[in-house]
Amino acid sequence: MTSQEKVPFQVQLSLPQILSRRDWENPQITQYHRLEAHPPFHSWRDVESAQKDRPSPQQQTLNGLWSFSYFTQPEAVPEHWVRCDLAEAKPLPVPANWQLHGYDAPIYTNIQYPIPVNPPRVPDLNPTGCYSRDFTLEPSWLASGKTRIIFDGVSSAFYLWCNGQWVGYSQDSRLPAEFDLTPYLQAGSNRIAVLVLRWSDGSYLEDQDMWRMSGIFRDVKLLHKPEIHLRDIHIMTHLSPEFTSANLEVMAAVNIPSLQLNDPQVTGSYQLRVQLWLADKLVASLQQPLGTQAIDERGPYTDRTQLVLRIDQPLLWSAEQPTLYRAVVSLLNHQQELIEAEAYDVGFRQVAIHQGLLKINGKAVLIRGVNRHEHHPQTGQAIDEESLLQDILLMKQHNFNAVRCSHYPNHPLWYRLCDRYGLYVVDEANIETHGMQPMSRLSDDPSWFSAFSERVTRMVQRDRNHPCIIIWSLGNESGHGATHDALYRWIKTNDPTRPVQYEGGGANTLATDILCPMYARVDEDQPFPAVPKWSIKKWVGLPNESRPLILCEYAHAMGNSFGGFARYWQAFRQYPRLQGGFIWDWVDQSLTHHNDHGQPYWAYGGDFGDTPNDRQFCMNGLVFPDRSPHPSLYEAQCAQQFFQFSLLSTTPLVINITSEYLFRESDNEQLYWRIMLEGESMLEGSQPLNLSPESSQCYRLAEKLPTLNKPGQLWLNVEIRQPKETPWSPAQHRSAWHQWRLPQPLFSPSSDLTNATAHYAPQLQHNLQLQHNRQLQHDLQLQQDEQHIKVTYQQQCWQFSRQTGRLAQWWVADKPMLLRPLQDQFVRAPLDNDIGISEATHIDPNAWVERWKKAGMYQLQQRCLSLHVDHLSHSVQISAEYGYEFEQEPLLHSHWVYRFDRHGRMTIDVNVRIATSLPAPARIGMCCQLADISPTVDWLGLGPHENYPDRQLAAQYGHWSLPLEQMHTAYIFPSENGLRCNTHTLNYGRWTLTGDFHFGISRYSTQQLMVTSHQHLLEPEEGTWLNIDGFHMGVGGDDSWSPSVHIDDILTRETYQYQICWQYKV
């Protein structure tokens, strides 16, 4: 039934009769009486309100508290509920997911369906929510016109009654369901009742990697339209080849009763007018009668018309400069009186694939994208405007220009905000059948064709007026079948202005204009059966392949991950047809739960008693659930930044800056530079940045490098900031940065022996603070007995155990400084990437954690092989050898040489040999538990945020200071975290460590991180745990289910050496 037809008289079926049909188990029944899809309507009754986007009096929200009753299956619902509320009904907010209000449980699964796989059947025990609400209408709404109800999102299927009469049925959780209520309304109070089913045959098409929840989770509203009204509006822009002029094409359809469609006296009495505004300036206007040119031998459309307005020198829309016009479409009667008006933001932009490149307005675009689920930790899938805007601002601030709506059409407001703030959008149909075997089983089944097709066609019909949408997607992980080919052709016919992408079937079928693989690697082929994933460099060079490649998913950001991300961006900038991709994904999909004491925590799969579940696999975000950043977000920001830097010379000091902006000039950018010596500023300056799009410019910063006043590393830091605030960023927002280590001019030390020694022995630079005339005092004392070796200097005493060979205690003024002795450390608390798909019921022998377990890395037995003491003239030296074995097989050999000097320093040289049979260890380092707890940590090295050997592009060498608690990254699933690399000096309380090392420091031991399932369960331990690594394996991140650490970041050598110098300032 079309929206042009009045609801006919129908025999009212009882609730049991309706339910007995089991429409929710018939894929060929997706709706009853649902109106056709169209762009959002407001039905303004004056042009100015439409042009200024004022709230429309013709809309009435039904959001708020509804009456709610919960049942375990639809057949349990009493028949009289359709007419009156049940006694046990409770209030429930709309929009909301009922699982977050004490009914039923949310379920998190990735691939596995949460119900037995028997399509189209679903379980008889099918949780059912019964909603109802009373409302009253303006008397004018009842006097004339049509009143419709709009549900923007209901999961997964629902029936609707109004005043006890059945209205209709709908499924597809992520697109609006709209019904004409006019025949059912009455004066005074009206009651609507909605029966929502958790599972339907549509659930087999909604197998996305997300929390499975139910209810009316998007807005509900009433809309009043005139009897004769605008039924559909399609807006397109066409730019001239030189982009100097454009045509605005508007196709508008009018609702006219079917019996009058062929009456020219009726149809010819209506006119359509389009006005195009730029702010308050009317740019163009056109008015013409209803009707089109003849379409075929039967004639024209009499209920629609096409209007084309020519615009000279249009301001173009892009994510960089999202200039929007406003098109007001008015329906006029024969007296030229306004019947109603609709209005839409219009962006003049062209999307095309030309010569193998995706181009926006003629420019090849580099997609700086991210996948985003609609998720909020408290409200689940019910998202408000504040949350939508928060995500957009964060994305823009961190150099994202694109977002993929994974994996369903989003809330209508999302697209309006992306239009206005500037983000390119891949709009994706609500289709995923990942749990089917094969995935294409349903897409090749004709009985499912209508269910598939409505999810694609209705998405396009709702969203096609948005300039932000540059690509349509047929869905996600649903294989490749005949249905996909048909829907690809439908889109290309109905919207030739946008390309279509679809990853299923290998990312390179005829149903996609873009090669859009997921998790293809930069240089490594993955020759999977049927659907091989070639390296992205290889893929674009395959014979007869000319399409651009944009990764629909890459860089799986699960927990402490994102290693090797910079490699992708090196490739993107090197190979033109590698045009970026969409990171997986934006936000950790954790929900707020409460423990037995009512305290909140972030939960993941299984925490609600949900089965089946995929545990913490829902947490792959660049941001935590509350949108605070993961360290990986900074890595993405830096890799994707729009300015690239190169150092041309040091005398004079000249750099080159290239703008990767395609359309905007750098009219709000200031270049700041600073020459740093060991973290201290030696010379600095700033100047405006004046760069045209896609241009480069040299900047002369200084005539020569500054004269050094002490030895150390010299660095040049540059950054670009925006002096003025923008719609998406505050003033002084940092948008780009870079750093180079400079050649060091010869430092001429004084004749003082201490300075000279420091110059030629950089590892002793921590001693430069000693006054020049300070005299060495007191000799070192050595004491030995059968159990201990003690080295004493002034108030300090180092005590070794002869049994273990370890430094068992460090005394200062008779106070013990160590709670656990200093010892080797070769393991880390496993990362999600280390674990991969390995779990208790499914062991993956290729996972790093399983290889380490099998080798005995977590159960190493240590033996002291030898212990030697030498009392030299100015120092004491203790040499110890340690052997590590598992099941009597030697695996590691560690040789430590401790040197104690008359400055109270302990220098340790460590040499580690690794058996060739042992898998590469996670780290080569040492750890101990310090008795002290200091409020701050101060270091000279890479920072300020967490960084790892394969994730340090965004980190900078400098002098940093942070509170102790900020040295721990609170990943929801605890793991190794908090490392800072390439450190030369660490100060913690009275402790000073120097050398060249990585370190991590926190209140939690590696052992506690290994055995604790959730962040909130971690208990601060006594003292402080200090991890010092000479070497640390990368974290990986190409994906999280197979080993993805690149070979350069794996500890594959047989021997490793490092040196650390410790001192306690008494």
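Just so you know, glycine gets a Cβ as well, placed from its N, Cα and C.
The Na(+) site recorded in Swiss-Prot comprises F617, N620 together with one of D209, D219, D232, D1029, namely D209.
Just one of E454, E477 is listed by Swiss-Prot for the same Mg(2+) 1 site as E432, H434, and that one is E477. Listed by Swiss-Prot as binding substrate are N110, D209, E477, E553, Y554, A555, H556, N620; the candidate from W1041, W1062 that the record includes in that site is W1041. Nearest neighbour of E432 (Mg(2+) 1 binding site) by Cα distance, taken over the recorded positions D209, H373, F617, W1041: D209. The recorded positions close to H407 (site 'Transition state stabilizer'), defined as a CA atom within 10 A of its CA, are D209 out of D209, E553, Y554, H556, N613, N620.
Ranking the recorded positions H373, N613, N620 by the distance of their Cα atoms from the Cα of Y554 (substrate binding site) places N620 first. Listed in sequence order, the residues N110, M558, W584, D585, Q589, D614, C618, M619 complete the 8 Å Cβ shell around the Na(+) site centroid, once D209, F617, N620 themselves are left out. In the three-state DSSP scheme, F617 (Na(+) binding site) is classed as helix. Relative to N620 (Na(+) binding site), the binding-site residues with Cα atoms inside 10 Å are H556, the candidates having been H434, E477, H556, N613, W1041. The most crowded of the recorded positions listed here (H373, H434) is H373, judged by how many other CB atoms sit within 10 Å of its own CB.
Distance from the CA of H434 (Mg(2+) 1 binding site) to the CA of F617 (Na(+) binding site) is 15 Å. A gap of 4 Å separates the Cα atoms of N110 (substrate binding site) and D209 (Na(+) binding site).
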